[in-house]
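Working notes, structure below.
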Amino acid sequence: MASGSALIFDEEMSRYKLLWTDPACEIEVPERLTVSYEALRTHGLAQRCKAVPVRQATEQEILLAHSEEYLEAVKQTPGMNVEELMAFSKKYNDVYFHQNIYHCAKLAAGATLQLVDSVMKREVRNGMALVRPPGHHSQRSAANGFCVFNNVAIAALYAKKNYNLNRILIVDWDVHHGQGIQYCFEEDPSVLYFSWHRYEHQSFWPNLPESDYSSVGKGKGSGFNINLPWNKVGMTNSDYLAAFFHVLLPVAYEFDPELVIVSAGFDSAIGDPEGEMCALPEIFAHLTHLLMPLAAGKMCVVLEGGYNLTSLGQSVCQTVHSLLGDPTPRISGLGTACDSALESIQNVRNVQSSYWSSFKHLAQSETNPKRPRLDATNGGPKESSEPASESNPKKTAQDIVWPEPLKRMPASVRTVVVPPPGVELTLPKNCQHSGDISESTAKEVQRIRDKHFHDLTDQNILRSLGNIISVLDRMMRSDEVCNGCVVVSDLSVSVQCALQHALTEPAERVLVVYVGDGELPVKTNDGKVFLVQICTKETEDKCVNRLSLCLREGESLTAGFMQALLGLILPVAYEFNPALVLGIVGETAAKTGLMTVWGHMTCLIQGLARGRTLTLLQGYDKDLLELTVSALSGASISPLGPLRALKPEDVEMMEKQRQRLQERWGLLRCTVSES
């Protein structure tokens, strides 16, 4: 099984620059590349990655995405003087040429292909290519927007040709629309392209009508192009997560990619003069983490834009931390996406409802996508309503300050496992069996028993409680362990013990995710615990800190589970922001189809609570235990395969729960409020 992350970088790609005055191009500087690599080296991340050498892309590889005429024209640039380079650059839009840029562009494309090879040959699980010039604006016969060759488009076509791939997902989180990628694949159903980008109703570069949400692809490619336009600046962590939860991830799981390529532009981060957005660098840790379970972990991240050197370096580090499997940082202050973001999300979901099962129910349940455009009076940009003056100077992106991201240190032990007595289990790397229970742990077990379980005498159950407390202490108090898995016999007692111990000191909030029927003794009315229950029997919820999802068994059970996970459970969980996640599987649940997605849920919920996840499995099921340990250890999870359409009853149930809870948990919202 592949493991590790590749890092591809060569300082040679920094050896070109703007040779004349051009305000539109002056922000694209060599330091973008060197600062990114230096940040990785300073934080010890470059040293933890597998260094893969750069190579030049061949002409045949470049011609996968570009015309011979364009390639021949670019090949002439090394022999041009400055005046000739200026004249050549003026043929295109917002791009400059240099005598060394052809060489660097071949290296950038070749580095991207090296990354694809490393991932597809399973030499590594994933990786990042730090490249320059960027590529996503470049078109078949035109340079554009600092881009010469379209690195990601070439990579996708190369992967299709060399590895016989039928489904590639390209995620473009750069703040500009990657129109070059869209043009390349808009008729190709084998490539799903998702781009969010600053648009402002076509007033922002590249000012194209085809960058709007209504451009869904052409012919056989209809539905495989998803544009999510940002129609105002200042988008936040909440807006980005809402886009992932309510648009990208449902479609991505339905598409079931064999490879994920990210056009990673970090001009969508806070402080960037191009994007003028407010999302923190830490958000890229989570965006990366949320994509990693797809395609059995095969993920290639390729640098695009990013023009604030501070937020660029921080964002690159956050991305690579997640690729390496380090615990994700907690993000506080999440809530409802802004009205402008919700309008775009709603419009995308509506226009894509003809193509994706995840959205098919929206034709009846959501409003017409042709809503009036938001302006400053109803949720649109307000920047122009307060002109700058000496007493009220308008802040630029460079004036914004934000806290330095906290260090993300991997625990010395990834996963501690407590199987049933007598069961031998071969553990993945960086996992270990729990040791003997300490004297202090034994005393804590006795204290909890005396206080809550006077009549408990079963030594096996008491031993389980000791193991639970021991693992929790190593996770929460010493940070020695990231997560754990304990097989228990009495679920009720075990859950009560875990919550009692966790809430006494280290964890101010605990998220409980319970897969199974029957009641758990969990109190949620004090706001310290949020309970999610996924079951097959009807239950009634009244508390805003409880979410019960009764899914109908059958062929669409997996699709229903994933829709609930992505559209309901994760939004609530991220906003709740727990310090600990308690994942629980009841004895009967292991025998249902729910277990096919348990591994994916276990992976995804580790984005919460800095990865502090304790799973309790009732009874011994070898396959379930191995699946759980594999997911906790960060190993790749097998794809689910294409998802079936949801049952109408499940859709209705989920929408009722969304309506019930979204007033309290705003990240559930995916439509603009009508009030």
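Quick reminder: no glycine exception, Cβ is built from N, Cα and C everywhere.
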Between the ranges 23-26, 287-290, 543-546, Swiss-Prot assigns motif 'Substrate specificity' to 23-26
Look at the substrate binding annotation in Swiss-Prot, where Asp94, Tyr307 are given, and name the residue from Asp22, Asp172, Asp239 listed for that site too. Asp22
Have a look through Asp267, Asp272, Asp326, Asp339 and flag the one Swiss-Prot assigns to the Zn(2+) site that Asp174, His176 belong to. Asp267
Helix, strand and coil counts within the motif 'Substrate specificity' (23-26) (DSSP): 0 helix, 0 strand, 4 coil
What's the CA to CA span in angstrom from Asp94 (substrate binding site) over to His176 (Zn(2+) binding site)? 13
Close recorded positions near Asp267 (Zn(2+) binding site), where close means Cα within 10 Å, chosen from His137, Glu274, Tyr307: Glu274, Tyr307
Cβ distance under 8 Å to His176 (Zn(2+) binding site), same chain, sequence separation 6 or more: which residues? His136, His137, Gly145, His197, Arg198, Trp205, Pro206, Gly265, Asp267, Glu274, Gly305
Residue among binding-site residues Asp22, Asp94 with least C-beta crowding, 10 angstrom cut-off: Asp22
Which residues, same chain and not among Asp22, Asp94, Tyr307, have a CB within 8 angstroms of the centroid of the CB atoms at the recorded substrate site? Pro23, Ala24, Cys25, Glu26, Ile27, Glu28, Tyr96, Gly145, Phe146
In all the protein chains shown, the tally of other Cβ atoms within 10 Å of the Cβ of Asp267 (Zn(2+) binding site) is 27
Excluding Asp174, His176, Asp267 themselves, the Zn(2+) site's Cβ centre has within 8 Å the residues Val175, His197, Arg198, Gly265, Ser268, Glu274, Gly275, Glu304, Gly305, Gly306
